[in-house]
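Novice: Here you go, one structure.
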Amino acid sequence: MIQGERLWQRLMELGEVGKQPSGGVTRLSFTAEERRAKDLVASYMREAGLFVYEDAAGNLIGRKEGTNPDATVVLVGSHLDSVYNGGCFDGPLGVLAGVEVVQTMNEHGVVTHHPIEVVAFTDEEGARFRFGMIGSRAMAGTLPPEALECRDAEGISLAEAMKQAGLDPDRLPQAARKPGTVKAYVELHIEQGRVLEETGLPVGIVTGIAGLIWVKFTIEGKAEHAGATPMSLRRDPMAAAAQIIIVIEEEARRTGTTVGTVGQLHVYPGGINVIPERVEFVLDLRDLKAEVRDQVWKAIAVRAETIAKERNVRVTTERLQEMPPVLCSDEVKRAAEAACQKLGYPSFWLPSGAAHDSVQLAPICPIGMIFVRSQDGVSHSPAEWSTKEDCAAGAEVLYHTVWQLAQGE
């Protein structure tokens, strides 16, 4: 029923907003590029017959009324902001597919018991202020006050950026939804991995979203001359760091479900001919089960301490962030499964290793996600790509999922 060509044209048009010479997209929160994106999507929402407004957090919302004005609302959406030099599907697909769903309903005279709201959440990525999911946290009523003091590379705080965008940070609590007012939240998103591609399927149903911990390691040794210091006398924190990173890989692999990554490492003083004095790196550890993730972390910590003693270096750790795993709602999963069956797609289940706005909304409503196949599993890159056909398939599954949720009492 949905018009895949219309969805695709909108994706491509939106992808021009913030486009870089590399072909990637940079569209940070509370910038002129984000404003242009919001205005463009707002025009799509109005074309779809929605009542359009922004809440106190800057979340862009388009509402389709239901037959019962007192019924709880079904939310569908994602985000419009990007990472630096990212792709044009991560976030926008979920928002524009939501618009396509309600526009198709309106064009075919489909009415629902529950109202439906399409939401484009503010600052999911956190690329500008290094604190993400601002809009969804605000809607859930869980945005900590200290987040307003986070600053970008230019020294501008989140509070200042909101004011520059015409928002009042003091009104942020007004964005919070009251308990019991949201029936469910459904998000269509690119997978950002290779599982669907490996299985040859265009869409999949998400079982849950992995919980993560970020742990900063600081390893201190002794800076000495690289040529004049015998190997037997060295207190080399870089060698210890390398050994610990291998331990992380080994312990994560033992479970079959945990993933551990070190994507950031700093070496001091950083001379070619100097044994480092200090090495810092951050561990990203994720699993769908918190107890499994925590067991892996304990094993890593014990082995890291052993390595420190063997190499005569000092290891300290600091937990930077923790996010609990979130399981998707049985009701939303059943609706998505029925949608797949209706459309002739297998019900393929997979977890999400990446965090999404869904995580923040889980405390206030049932949540669910549908994934669309990612070419080569690439995301957060100009090479991010999903085909027109796969995007349309995901939107069709989303349509029938939302319809079923919005029809029920």
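The backbone N, Cα and C atoms fix where each Cβ goes, and this holds for glycine too.
Annotations per Swiss-Prot:
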type    : residues                               : note
BINDING : His79, Asp90, His189                   : divalent metal cation 1 binding site
BINDING : Asp90, Glu125, His380                  : divalent metal cation 2 binding site
BINDING : Gln192, His225, Asn273, Arg286, Ala355 : N-carbamoyl-L-alpha-amino acid binding site
REGION  : 208-325                                : region 'Involved in dimerization'
SITE    : Arg234                                 : site 'Necessary for dimerization'
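Give me the structural setting of these features: burial, nearby parts and distances.
Specialist: On its own chain, His189 (divalent metal cation 1 binding site) has Ser78, Asp90, Gly91, Leu93, Gly94, Ser352, His356, Met369, Ile370, Phe371, Val372 as residues at least 6 apart in sequence with a Cβ closer than 8 Å to its own Cβ. Reduced to three states, the DSSP call for His189 (divalent metal cation 1 binding site) is strand.
The DSSP secondary structure for Asp90 (divalent metal cation 1 binding site) is coil. Counting every protein chain shown, 27 other Cβ atoms lie within 10 Å of the Cβ of Asp90 (divalent metal cation 1 binding site).
In sequence order, Asp90, Gly353, Ala354, Ser374, Gly377, Ser379, His380 constitute the residues six or more apart from Gln192 (N-carbamoyl-L-alpha-amino acid binding site) in its chain with CB-CB distances below 8 Å.
In this model, the region 'Involved in dimerization' (208-325) carries an average pLDDT of 97.
DSSP assigns Arg234 (site 'Necessary for dimerization') to coil in the three-state reduction, placing it in neither a helix nor a strand.
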Novice: What does the structure give for the C-alpha distance between His79 (divalent metal cation 1 binding site) and Arg286 (N-carbamoyl-L-alpha-amino acid binding site)? Integer Å is fine.
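Specialist: A Cα-Cα distance of 23 Å.
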Novice: Around Arg234 (site 'Necessary for dimerization'), which residues of its chain at least 6 apart sit with Cβ under 8 Å of its Cβ?
Specialist: Gly221, Lys222, Glu224, Ile275
Novice: Other residues with Cβ within 8 Å of the Cβ centroid of Asp90, Glu125, His380 at the divalent metal cation 2 site?
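Specialist: Result: Ser82, Val83, Gly86, Gly87, Gly91, Ala127, Ser379.
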Novice: I'm trying to understand the geometry here, so how far is the Cα atom of Ala355 (N-carbamoyl-L-alpha-amino acid binding site) from the Cα atom of Glu125 (divalent metal cation 2 binding site), in Å to the nearest whole number?
Specialist: 10
Novice: From the Cα of His225 (N-carbamoyl-L-alpha-amino acid binding site) across to the Cα of Glu125 (divalent metal cation 2 binding site), what is the distance in angstrom?
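Specialist: The Cα atom of Glu125 (divalent metal cation 2 binding site) is 42 Å away from the Cα atom of His225 (N-carbamoyl-L-alpha-amino acid binding site).
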